[in-house]
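Participant: Not my notes, these are from TrEMBL:
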REGION    91-112  region 'Disordered'
COMPBIAS  101-112  compositional bias 'Basic residues'
Amino acid sequence: MISTLFTCSKKIALKCSFRQISILNAQRDPFAVTPEAYITTLSDVEENNVDIIKLNPTIFRTTPRIDLLHRNITWQQGYRNLQLTKQLSRAEMPGGGKKPWPQKKTGRHHAGSIRSPHFKFGGFANGVRGPRTWFYMLPDSIRLKGLCTALTIKHAQNDLIIADDFNSINNNDSQFLHDLAEKRNWGYSILFVDKDSNMPTNFVDAVQDIPSFTAIPLYGLNCYSIMKHDTLVFSKQAIEALEEKLVQQFTRTTSHHKKYRYIDYKDVLLGEGEHEEDPIHPPFV
């Protein structure tokens, strides 16, 4: 009996992807509602829905933890700050080695150096001592829950759009994207997400000319960018890959509270963008 069940489950696993299996497992709950979304095409200004896709309720119907979403956004706003200001102390200021006047019989206060903090052009007693960074890493569980909360909010507000493919945009005219967003009531700012960074040239040229439109690959998706833009537009391949990755992270056996040490990632961070060449947007390391 057990071998038969194992064989059947193995056949199902071979036919279904990890994403489809997770959706089937979520549907076992009689009280769970499987969210759905239209798949639209971007070939015309008029809205044209071509299919319906089922979404994972673990990701797009999660309990909205606004506190964890706030922690993700404040973390993203804080960890990139770097303070380079360094105010010199009394010992670091040039000059001031000689006592300005005698200790007594002058009627003036006692002074040992003109670089004391109470002198003009003196050193700072409790000044800013840079460089200083506020970098830290949130636990993976909080980052995953915050990302699912942001996606749930966008889907519940009908601000999550799924396109069949970005290749359907035939020209690089930015006015076409403007008219499309206005006709479909997508709002002022739009975030386009594709599976990887190999996006169509026409699409990238059209988005690049509009400051409020942004196109990013899936690995760059984050809570701050999701909440910053009015509408979130995924390609079908991107939404399937996103569910696959998030479900794998939720069901992984390793700890979600991994310690991130700078020394372990120093070579990766300093070498980021070393082999990238872009004449318009050079990599910032």
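Along the chain as shown, the residues are counted starting at 1.
The backbone N, Cα and C atoms fix where each Cβ goes, and this holds for glycine too.
Curation does not apply to TrEMBL; its annotations are automatic.
Relative to the rest of the structure, where do these features sit?
Facilitator: Distant neighbours of the region 'Disordered' (91-112): 119, 121-123; these residues of the same chain sit at least 6 beyond its ends, with a Cβ under 8 Å from one of its Cβ atoms.
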Participant: Treating G and I as helix alongside H, and B as strand alongside E, what does DSSP give for the region 'Disordered' (91-112) in helix, strand and coil?
Facilitator: 0 helix, 0 strand, 22 coil
